């Protein structure tokens, strides 16, 4: 009962954050799934693969729901989404293949990648006080393809859907308005998540617990309550984002990252 409630709450938070800040909800799903799967005896490289697979599976639906709502209010950018997704899918498939070859990518490496990504982003988000541009820039196709390659690899390595790095790159480095950046991120995430997730669903892992609802590494025991929570609050996140100031979205995004960074850094310290 407690586990189901925890997953429902995580789904609600993840759904709201996806709609509000465009980060895909994985920032919430990853630590919760890590706890749930760890309590079932899953460890080592299998824990990493299980967390990545399950977090990205629910992200397919989270991102799709929010993108549809963004489309309905006229805040969807198909050109940018398609070009980033095309190269991102290829990149994520390639990196997932490498991860699945043996046990080289362990929990420690997972935490190192996670924290290494978060630290510079946190500094940038909290310390950069300059006013951000609201210019509706058009990014070139080569830039979008390069973004896809990078974000696709990060999706496979971290299970975060890519939004955690795509949004700061679009808003801070490429100077897009953060609301547009969040919408593009949300649109790209389902494609990248699906490309990685399908690969994990085709596996037959020998996990230490039994479940009639599991396909490969993906277990519907976790995804169903997460999806219910996500669906319940994602629309509220989209509506809140349209009314919020850009800096409010920015600091919300940064605060979520800070919580995650603290958790992962502590785990690395204990290792």
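Backbone N, Cα and C atoms are what each Cβ position is placed from, and that goes for glycine too.
Taken from TrEMBL as is:
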type: TRANSMEM; residues: 51-68; note: transmembrane segment
type: TRANSMEM; residues: 80-98; note: transmembrane segment
type: TRANSMEM; residues: 110-127; note: transmembrane segment
type: TRANSMEM; residues: 139-169; note: transmembrane segment
type: TRANSMEM; residues: 214-236; note: transmembrane segment
type: TRANSMEM; residues: 248-266; note: transmembrane segment
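Using a Cβ-Cβ cut-off under 8 Å and counting only residues 6 or more beyond its ends in the same chain, the transmembrane segment (80-98) has close neighbours at 67, 139, 141, 144-153, 155-157, 162, 166, 184, 187-188, 191-192, 195-196, 199-200. Between the transmembrane segment (248-266) and the stretches 51-68, 110-127, 139-169, 214-236, the greatest number of Cβ pairs separated by less than 8 Å involves 110-127. Taking every recorded stretch in 51-68, 110-127, 139-169 and counting its Cβ pairs under 8 Å to the transmembrane segment (214-236), the highest total belongs to 51-68. Remote same-chain residues near the transmembrane segment (139-169) are listed as 21-27, 30, 51-53, 55-56, 59, 63, 80, 83-96, 99, 105, 110, 113-114, 117-118, 121, 124-125, 176, 178, 181-182, 184-186, 188-189, 192-193, 195-196, 253, 257 (criterion: CB distance under 8 Å, separation of at least six residues from the stretch ends).
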